[in-house]
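As given in Swiss-Prot:
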- Asn13: site 'Discriminates between blocked and unblocked aminoacyl-tRNA' (SITE)
- Tyr18, Phe65, Asn67, Asn113: tRNA binding site (BINDING)
- His23: active site, proton acceptor (ACT_SITE)
- Asp92: site 'Stabilizes the basic form of H active site to accept a proton' (SITE)
Amino acid sequence: MNDSPVLVVGLGNPGPKYVGTRHNIGFEVVEELVGRNYANFSVHKRSNTEIAQLPGLIVAKPRSFMNLSGTPIRALCDFFKISPANVLVVHDELDLDFGQVKLRQGGGDHGHNGLKSTSRSLGTKDYWKLSVGIGRPPGRMDPATFVLKPFSKQEQDSVPIMAADAADLIEEHIRTL
């Protein structure tokens, strides 16, 4: 790892309307990561994010909507002088079964508008992505509707475990940089 910190960003939508929705699993994961380190988020006005600073690590939640996440992520990279190679974005993934997590560097956005925005703003797809599986919508439900719905009662019981597993993977990954 170089001298710049690692930036871990959880994607989600701001506001109480979106708490507990599938699209906000990125927020759940970074909240777990920050909470287990006894830290708190505070507003970082220059980037329109909430951040928590840990040793060698900045954890962030954009305060913009998911599809506009790239702008605040780029602002954090510029402010803290972080290269895209030291960025890890946590996002929901329809193409992974519920509860599965997958870490990859580079690659496509899989149709995820938050990742599209991030890639556009960073000028590269060569950053780390942690996909957290939310599964496919049932029947003919529109995926855009599905991701904005709350987790089912049964799924809600698994979300804290899922967030903890993803946070474990982030911590393990950071140790290897």
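Backbone N, Cα and C define each Cβ position, glycine as well.
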Return only the integer: C-alpha distance in Å from Tyr18 (tRNA binding site) to Asp92 (site 'Stabilizes the basic form of H active site to accept a proton'). 13
Using a 10 Å cut-off, grab the number of neighbouring Cβ atoms around the Cβ of Tyr18 (tRNA binding site), all chains included. 18
Those recorded positions, out of Asn13, His23, Asp92, that come within 10 angstroms of Asn67 (tRNA binding site) at the Cα: Asn13
Only counting partners 6 or more residues apart, tell me which same-chain residues put their Cβ under 8 Å from the Cβ of Phe65 (tRNA binding site). Asn13, Pro14
Out of Asn13, Asn67, Asn113, which of the recorded positions has the smallest number of neighbouring Cβ atoms within 10 Å? Asn67
In whole Å, how far does the CA atom of His23 (active site, proton acceptor) lie from that of Asp92 (site 'Stabilizes the basic form of H active site to accept a proton')? 6
Asn113 (tRNA binding site) to Asp92 (site 'Stabilizes the basic form of H active site to accept a proton'): how many Å between their Cα atoms? 11
Other residues near the tRNA site, CB within 8 A of the CB centroid of Tyr18, Phe65, Asn67, Asn113? Asn13, His23, Ser64, Met66, Leu68, Ser69, Gly114
